[in-house]
Amino acid sequence: MQRAGSSGGRGECDISGAGRLGLEEAARLSCAVHTSPGGGRRPGQAAGMSAKERPKGKVIKDSVTLLPCFYFVELPILASSVVSLYFLELTDVFKPVHSGFSCYDRSLSMPYIEPTQEAIPFLMLLSLAFAGPAITIMVGEGILYCCLSKRRNGVGLEPNINAGGCNFNSFLRRAVRFVGVHVFGLCSTALITDIIQLSTGYQAPYFLTVCKPNYTSLNVSCKENSYIVEDICSGSDLTVINSGRKSFPSQHATLAAFAAVYVSMYFNSTLTDSSKLLKPLLVFTFIICGIICGLTRITQYKNHPVDVYCGFLIGGGIALYLGLYAVGNFLPSDESMFQHRDALRSLTDLNQDPNRLLSAKNGSSSDGIAHTEGILNRNHRDASSLTNLKRANADVEIITPRSPMGKENMVTFSNTLPRANTPSVEDPVRRNASIHASMDSARSKQLLTQWKNKNESRKLSLQVIEPEPGQSPPRSIEMRSSSEPSRVGVNGDHHGPGNQYLKIQPGAVPGCNNSMPGGPRVSIQSRPGSSQLVHIPEETQENISTSPKSSSARAKWLKAAEKTVACNRSNSQPRIMQVIAMSKQQGVLQSSPKNTEGSTVSCTGSIRYKTLTDHEPSGIVRVEAHPENNRPIIQIPSTEGEGSGSWKWKAPEKGSLRQTYELNDLNRDSESCESLKDSFGSGDRKRSNIDSNEHHHHGITTIRVTPVEGSEIGSETLSISSSRDSTLRRKGNIILIPERSNSPENTRNIFYKGTSPTRAYKD
């Protein structure tokens, strides 16, 4: 319920449904004035009127300037115009200019027709030009007032105005306003016409007939000087002679044109379109009558044709100006306010529509990121086909690369390719869900314990189907870490600081265990004062970057994806959930004998899973959950005691290149282990070379990446931990737990964000 007051400031009204109908409908609703229960004064009641004098169901506006303006401004102007017209038309106080003429000019020697014999005399013209439009306007206003008064709540009816204790309804005010402007326009048109006629003194076609010039009184003959300037008229009727000197412009034409145009504008603005022919009929009738009035002055030799045409232009121009600017095109006084409200309403609708869309998207995207446990246990949305994945909506968002796919988008590691420093290409923004997490070890243990307990109840078997050899797309491994908190947008878009990626430049892969000084180097930036986050990338459709020349390979990948996508429909859980559940069933998840609080997670993308009974020294990343001095430490075993502190690629111990990290080989198996976990850290980075069998006496959470030998057909699994021995010290602020997509063509890029070239890894 919206409360609104009248323009006078004292009235109040109730408008129901204003929010649903919009500004225009609410403004057009009539405000009902209610009577107080005690018979007291009603809202909006004027001081000078009693309750009985106030019409019921009407909105009354109080005006202080209505009567003073009418009495002291409008009436004097109208009266002065009438008085001036009287002296110009009915008296000889103002005489026209005496202009010259030629001797025996036949264009000025037309017969003179008496006023009583004229088709439209001047007095008749004044009567018709005044009475016709005035009566038409008053009748039209009366009919309009009656029709609007019978409507419910008086919609479209102007409010009454109380001025000086008198109540003026809309009919009276509109009639007086329109008729008064019409009268003023007639007087103004007549005055302008008379002034022009007196100033020019252009002769009428009958001038020589009524003038009767005496050519003998001239000192020279007409043959010697044909143009005569002197007054040689010998006619007895001076009034007729003076009238013959006022031909330009035609007064009949100006008055008729003004009346016709003025009343036509009234019809166009007032009459509705319910009757398609009534409005044109009335308009054409008045226009034709005005034209006839002007043409009769030509046929009866009262004016020249040019005088009539100019009179039409003058009269029509005056009527057009007064109709548009004096009476506002005959529209209600508050119509301009309605038009302004329409503009405001359109702007309001445009502002509200995006808000509704944003609120809907917020509601759909905020369900999965309410808290940490909700993210960890969030069910993976089922993507039934590639068509469903290509829809960008609140559930699924496809991230396309900003640059076209080309050679600069692909990085190939091979022992046959030379080293090349390719400029980095800005990667597409991924949908990441980030939440704030506590730094204490108790909170981390609690989260991991809850996660394990909830997944132990899931007794679902992991179905892994071996893809066809030669058709699995290559995986692109990219590492990113963020040292600043991110926020999740409406669609789940990742909004945060600019993406900073850890780029690994390709180098020659050695064939032996000797370290290469030119290996790829890694530098990570840690911004001070940043908050710690648990960063869990959301499962999205990754882009497969291919060269324009290798479109056939991409077609093969899509074909293979369509064949194997049906096999993954039954897996509604995230990939990491399924791996943990399967590992629990097979007894893979085991604790260290010296560590009762730690846990080991094994994740492989091959057909079979390999238990962790045989520990490999180079494949374990240890995170100290309860360090000394409250400083989480990352311990990465390394077999080298010295080095440059950079990533170094080493050949496998058995001398086989089966585990070489090569992404551009289509014959590889597409499944690879991508499980990586970063730990929190705020102190100095520490690095130690320890054996994999030696465990820390504190609680350790270990994520192991175990490579498994390929099947009989030669499919191999890419491994990170067994293919290289990395020595890494970093100050991590984010724990990344990537999830796996169901589509085999999807690639998971695990990347560190927020790198810094100033702080590198040391020995």
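Just so you know, glycine gets a Cβ as well, placed from its N, Cα and C.
According to Swiss-Prot, the protein has these features:
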REGION    33-54  region 'Disordered'
MOD_RES   SER36  phosphoserine
TRANSMEM  67-87  transmembrane segment
TRANSMEM  119-139  transmembrane segment
TRANSMEM  178-198  transmembrane segment
CARBOHYD  ASN214  N-linked glycosylation site
CARBOHYD  ASN219  N-linked glycosylation site
TRANSMEM  247-267  transmembrane segment
CARBOHYD  ASN268  N-linked glycosylation site
TRANSMEM  276-296  transmembrane segment
TRANSMEM  308-328  transmembrane segment
MOD_RES   SER346  phosphoserine
CARBOHYD  ASN362  N-linked glycosylation site
MOD_RES   SER385  phosphoserine
CARBOHYD  ASN432  N-linked glycosylation site
MOD_RES   SER438  phosphoserine
CARBOHYD  ASN455  N-linked glycosylation site
REGION    458-529  region 'Disordered'
MOD_RES   SER461  phosphoserine
MOD_RES   SER472  phosphoserine
CARBOHYD  ASN513  N-linked glycosylation site
CARBOHYD  ASN543  N-linked glycosylation site
CARBOHYD  ASN568  N-linked glycosylation site
MOD_RES   SER606  phosphoserine
COMPBIAS  669-694  compositional bias 'Basic and acidic residues'
REGION    669-698  region 'Disordered'
REGION    739-763  region 'Disordered'
COMPBIAS  740-749  compositional bias 'Polar residues'
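Feature annotations (Swiss-Prot) mapped to structure.
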residue: ASN214; record: N-linked glycosylation site; DSSP class: coil
residue: ASN219; record: N-linked glycosylation site; DSSP class: coil
residue: ASN268; record: N-linked glycosylation site; DSSP class: helix
residue: ASN455; record: N-linked glycosylation site; DSSP class: helix
Cα-nearest neighbour of ASN268 (N-linked glycosylation site) within the listed glycosylation sites, ASN214, ASN219, ASN455: ASN214
Site of maximum Cβ density within 10 Å, from glycosylation sites ASN268, ASN455: ASN455
Integer Cα-Cα distance in angstrom, ASN455 (N-linked glycosylation site) to ASN219 (N-linked glycosylation site): 132
Neighbour-count leader, CB within 10 A, glycosylation sites: ASN214, ASN219: ASN214
Cβ-Cβ under 8 Å with the transmembrane segment (247-267): same-chain residues at least 6 beyond its ends: 120, 122, 125-126, 128-130, 132-133, 136-137, 140, 178, 182, 185-186, 189-190, 192-194, 196-197, 200, 202-205, 207, 279, 282-283, 286-287, 289-291, 293-294, 296-297, 302-304, 306-316, 318-320, 322-323, 329-330
Residues from the same chain, set at least six apart from the ends of the transmembrane segment (119-139), whose C-beta lies under 8 A from its own: 175, 178-179, 182-183, 186, 251-252, 255-256, 258-259, 262-263, 266, 282, 286, 289, 293, 296, 299-300
